[in-house]
Amino acid sequence: MCNTNMSVSTEGAASTSQIPASEQETLVRPKPLLLKLLKSVGAQNDTYTMKEIIFYIGQYIMTKRLYDEKQQHIVYCSNDLLGDVFGVPSFSVKEHRKIYAMIYRNLVAVSQQDSGTSLSESRRQPEGGSDLKDPLQAPPEEKPSSSDLISRLSTSSRRRSISETEENTDELPGERHRKRRRSLSFDPSLGLCELREMCSGGSSSSSSSSSESTETPSHQDLDDGVSEHSGDCLDQDSVSDQFSVEFEVESLDSEDYSLSDEGHELSDEDDEVYRVTVYQTGESDTDSFEGDPEISLADYWKCTSCNEMNPPLPSHCKRCWTLRENWLPDDKGKDKVEISEKAKLENSAQAEEGLDVPDGKKLTENDAKEPCAEEDSEEKAEQTPLSQESDDYSQPSTSSSIVYSSQESVKELKEETQDKDESVESSFSLNAIEPCVICQGRPKNGCIVHGKTGHLMSCFTCAKKLKKRNKPCPVCRQPIQMIVLTYFN
């Protein structure tokens, strides 16, 4: 069941708040059809104020139950006297301007003298309890048309809205908030959202009692009840007519931006927060030095193949992948030559073993394979002791030559190992003497230690900067554990 505590008098209270006080107290004469409708719900006079007319129309809608039970602001009056008066099959009480126009079409203005006598009559009527009309009431001399009345009311309402707009510009934010609350409380769009029953005594209530009952809910009940339903029943057009709220979203780029109510300028510490550079240390083998303020364009090296400017740390060109010139020491070529010479010496030593003769000549394969079948048996018999003697003499010479050759090979191997050690030491000393690969100015004296190993490729200052920025080792990409200052003698 829908809420039966309803009354269109809320429409009257809310709608009449839009009308100036002078127009609310002005008496108007309803046309016969509208007068018939008003008298059907207890009206007894011929002239009424706008408050009384709106109240009686609300009573009529409530008595006939012309409103929709689900959407109570919609009124269906197609087959009713109200539809004949307004000339529409249905309407919504949220369209208050349309309702004013339909009511004004059925009203006739009353002159000032006529309105003054009628007002005094309406005030005396509740006290005396008589329904007699004033016999001295003079007929109206000039009756302006309904169109003139509508234009006059609209002009006055526009003037009032302009004056209210000018007053709102001078108000403080707190007063504006309170006025906004008051305007929402008396919004005409909330007319039939919650219709309340104002007349418990039936249809015999007088005009003065009806006006008092109209003012009572508008100032007491609506302030408490409308705030709960203002979000559902609020009309955008009516709200925009009463007030407008404009604001700008504050941002960091705003000139008047402040971190507190008093406001203060940004300090150097605040600036440092925005200068933090985040380095992504993923699985990539290269590191970016574009955001490093310590490395300038003067530290970059130019590729000899494609003339591309590259950061100081990578050893290869990022465009053509060419090795940087003078990146590795020149001893690498000498090592290759020494290795080739060592291989040749070993091959020659293997070829000379077992082929030495007493006279120092080398036997060829053809000499060793000469046949002895041509000699006679006698010659063989004579030569056998000589060959034995020669064998006796040749054995010590062969063994001595083998020992000599082995000693020479051992000496050569020792010399080669010494030369290799010297070359390694010289290359190590050269690498240590070379400048830092990052700053290209200081010597390599900062060893980057990770676990049980370390890499010596930068100076101590640059290595400390890498450690402070939580960057990995540029060579092996392992996390840096500590930096050791290295000295060379």
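Heads up, the Cβ atoms here are built off N, Cα and C, so glycines get one too.
Record note: of Ser183, Ser284, Ser390, Swiss-Prot gives the feature phosphoserine to Ser183, with no matching annotation on the rest.
Given the ranges 176-182, 288-294, the record in Swiss-Prot names 176-182 as motif 'Nuclear localization signal'.
Counting every protein chain shown, the number of other Cβ atoms lying within 10 Å of the Cβ of Cys303 (Zn(2+) binding site) is 19. Across the residues of the region 'Interaction with MTBP' (167-304), the predicted structure has a mean pLDDT of 49.
Secondary structure counts, DSSP: the domain 'SWIB/MDM2' (26-109) has 38 helix, 14 strand, 32 coil. In sequence order, Thr304, Ser305, Asn307, Glu308, Asn310, Lys318, Arg319, Trp321, Thr322 are the residues of the same chain, not among Cys303, Cys306, Cys317, Cys320, whose CB sits within 8 A of the CB centroid for the Zn(2+) site. In the three-state DSSP scheme, Cys320 (Zn(2+) binding site) falls into the coil class.
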